[in-house]
Structure formats: C-alpha cells, structure tokens
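Features of the protein shown, as given by Swiss-Prot:
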type: MOD_RES; residues: Thr15; note: phosphothreonine
type: MOD_RES; residues: Thr15; note: N-acetylthreonine
type: TRANSMEM; residues: 69-93; note: transmembrane segment
type: TRANSMEM; residues: 134-155; note: transmembrane segment
type: TRANSMEM; residues: 178-200; note: transmembrane segment
type: TRANSMEM; residues: 255-275; note: transmembrane segment
type: TRANSMEM; residues: 291-312; note: transmembrane segment
type: BINDING; residues: Glu367; note: [CaMn4O5] cluster binding site
type: TRANSMEM; residues: 447-471; note: transmembrane segment
Amino acid sequence: MKTLYSLRRFYPVETLFNGTLALAGRDQETTGFAWWAGNARLINLSGKLLGAHVAHAGLIVFWAGAMNLFEVAHFVPEKPMYEQGLILLPHLATLGWGVGPGGEVIDTFPYFVSGVLHLISSAVLGFGGIYHALLGPETLEESFPFFGYVWKDRNKMTTILGIHLILLGIGAFLLVFKALYFGGVYDTWAPGGGDVRKITNLTLSPSVIFGYLLKSPFGGEGWIVSVDDLEDIIGGHVWLGSICILGGIWHILTKPFAWARRAFVWSGEAYLSYSLGALAVFGFIACCFVWFNNTAYPSEFYGPTGPEASQAQAFTFLVRDQRLGANVGSAQGPTGLGKYLMRSPTGEVIFGGETMRFWDLRAPWLEPLRGPNGLDLSRLKKDIQPWQERRSAEYMTHAPLGSLNSVGGVATEINAVNYVSPRSWLATSHFVLGFFFFVGHLWHAGRARAAAAGFEKGIDRDLEPVLSMTPLN
C-alpha cells in the first residue's frame, strides 16, 4: 500500500542504500528504510508489525518449551538441580511443582507438562505470526479499528499502555493465586530445611512493602533484594498487581495531561526507547536478585549465593576443628582477629576470616544458631545438627564463583571440577543483556529526540562497503 503522505515528513532519518531491492512490496522507497533495517520497515504497517511481534512471541515460547523438555530429558533426580546446569526447572520447582521437603524432586511430570504446554502455545503463536506477516491485512486501522493505531495518537497510546499494565497485574496475581490456593510455593525457610507450603498470612502492610523501596541498596540493607520471607514476596505481588491493574484502568479511561504531552516524545521509536530502558532496569534488578537473594531463588535449586558459600566454608571448618578440640570462641587467627568467630562493627558475633565481609548473610541452615547478639557460642558448641553440616559442606563446594578472583576465602578448584552455578549464568546473562538493552535505550532515545527536533539525517553512508557490492537481486 503506497502511503498518501510524504514519508520524509515523518522520517527525517534517511537510510541510504540500494533502493531497488523490494521485499514483499515493503521496499526502501515506500518505507524510508532498507531491507536490513528489519521491522523499521513496518513502523506504519500495524498489521505486519503485529505479525512480527506474534512470531517473536512464538519463538520465545518455543525456546521455553523446547529447553524445558531438554532439561527434563537430562534431569537426574539424585543430583541437585544446580549441579546439572538447569535454569528452567529451578523456576518451576520454586513455584512448588514436583518438589517435596528439602527441595527433593519427587515428580518430574509437572515439568514435562509445562514443556508440552509451551510447545503447543508456540505453535499457535507461530501460526498467528506467519498469518499476520504474510496473509493478514497490512494495516489494522480500516478493518479492525480497535486494534489499529497511529503512533502520534496520544490517547490511543495510553490506552495500549493501560491494557499492558492490566496484563502485567494479572500476571502478578497468578503468582498470588498459586501461593494461596493452588498448592502453594516452595519456602526455603520452612522448618526442617524447606518445603512447599501455602502462604496464608500475607504481608499487606504498606509500611513493610514500601519500606523495602525506601531502604538503602548497600550492604545490610539491600533495597528490595533483601526480602527474606515469602509472606512479604506474595504480599508485594498483591500490591504490585493491584497498582498495575488500577493504573491500567486509569490509563485506558484518561487522556494524557498537558504536562505529559509536552514532556514525552510521541513516536514509535520513542516508545521503543522507553521500553528498552524499562527492560534494562528489569535486567539489572534481576541480576542482583538472583545473585544475592536465597528466598525468591532458593539455594536448594539455584545453588548457594556467593556470601552463602563463603559463610558455609567458615562454618564447615569451625565444625571440623571444634571436633578436633579447638576452642572456637577464643582461637586467634593469623591477623590477630578471631580465627573462627569475631565481632562485627556493631557488636554481633560473626564468622571470622575472609568471610567477615559477608556477615550480613541470612540462610535457613545458619539462622537456628543465632542468638540476640549474632552467632550464639553455646549453640555452636551443643546444637549443630547433622543436616546443617551436610548442607554447609555441600554449599561450600558449590560456590557460584566462575573465575572470580575475590572469592571470600572459598577454596577454589583450578582444574578438577567442571561446575558453573546457575546463579552465575542467570546473574551474568541478565547483567549483560540489561546493559545491551540500556545501550539500545540510549541509541533509540537519541534518534527519537533528534527526529522530533527535526535535525536527524542519519549516519553518512557514502563510504558504506555495501554500496560497492552487487545488488542482491
């Protein structure tokens, strides 16, 4: 469909290239973008852009289903999940599927069902994506005005924003319903070493929930990443889901105020940049969450956190040397500080040695040994249970270090053990991807602002190597 207005008016960004190549009628002449600019050619073709997005969703869901089944096929129930390089099954186990006391996997069938459901969904999405990319209407405005839009239409854009917020709110409530009514979720803090339980006593106090947002992000405080009980996590999802749904209704029913109309750039590329910025923030927060938090990401499935492995090693050697007759309360280490125990700056009794920097750690296997002033010496002498020794020895030897140099005193393996913790994978990948998304946010924000100001002419492509090559067609 040849558009009626001058594209240059809407695309001050010129992309110079071999303009003769036409791909399915969406060539450079009609769109202002060459074939390699991908979906930019579809900016004003709402029907085709829908196809691209649905097909992309299909690819995502296909990966989830296929990877899920791959992990099920390779899963060995006798080994912990974190020893098997799994990144999807730990998420399903955390939601309470297939696991029992202590995080032991008792049934892999729910995991199989999850994989199959995702595969079937991906087929539906894939069909829809191909249909809308190849067969469906190029634009939706004429035939399906509810689904059509113009990027400059501020009211329509905030309506779409509202619909998205409502869907996110429903997603948050799905976790709430799973925890409250549909079998519960895995609680690493359940007495006796973790179990699946229904959450009955939600934390809905705004001072507690929003108190997390007001905390310092630094050690001992840890902002929202410091959440360490499921009541707060599920209660937070009630608040978040409610805010998203109410905000969604608000954005559907209202038009942007004058200050908002002035403050934002209202173009497709601007919305892309806002979305990328939000995803970058999500990525950075997820990175910190999976690295430091052992409640939302239980160590039974993801392996210990770095601080947890370090403290576990200190605990393991305290147990060993105490059995050999050491007086762990008074033994002096090579620095003159306590070898096994010392005091934190605020007076608590903490583990000595290099792990002192991780004295904030809270973990289910360690908390029973604490008293009102930190670690309780009499409990360390009389109350250590075999399950605590086993778990700390296991965590000590499965630190999520990769090849870090600063390891909190953990004895590292150089060439014997082939082990990378899922925490390392998930934290690193989310940091790196979050950073890429942040760069994309800056790039597209700059282009969108320049285009809105009317002075962006694109990159000078006179020396583009591709210009000297034979045209593809």
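Cβ atoms are placed via backbone N, Cα and C, with glycine included.
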Interface present between the transmembrane segment (291-312) and the transmembrane segment (69-93) (three or more C-beta pairs under 8 A): yes
Non-local residues, at least 6 beyond the ends, that sit with Cβ under 8 Å of the transmembrane segment (178-200): 93-97, 99-103, 228-231, 234, 294-295, 298-301, 364-365, 387, 391
Long-range Cβ neighbours of the transmembrane segment (134-155) (under 8 Å; 6 or more residues past either end): 1, 24, 43-48, 50-51, 255-256, 261, 266-268, 271
Number of other Cβ atoms within 10 Å of the Cβ of Glu367 ([CaMn4O5] cluster binding site) across all protein chains: 11
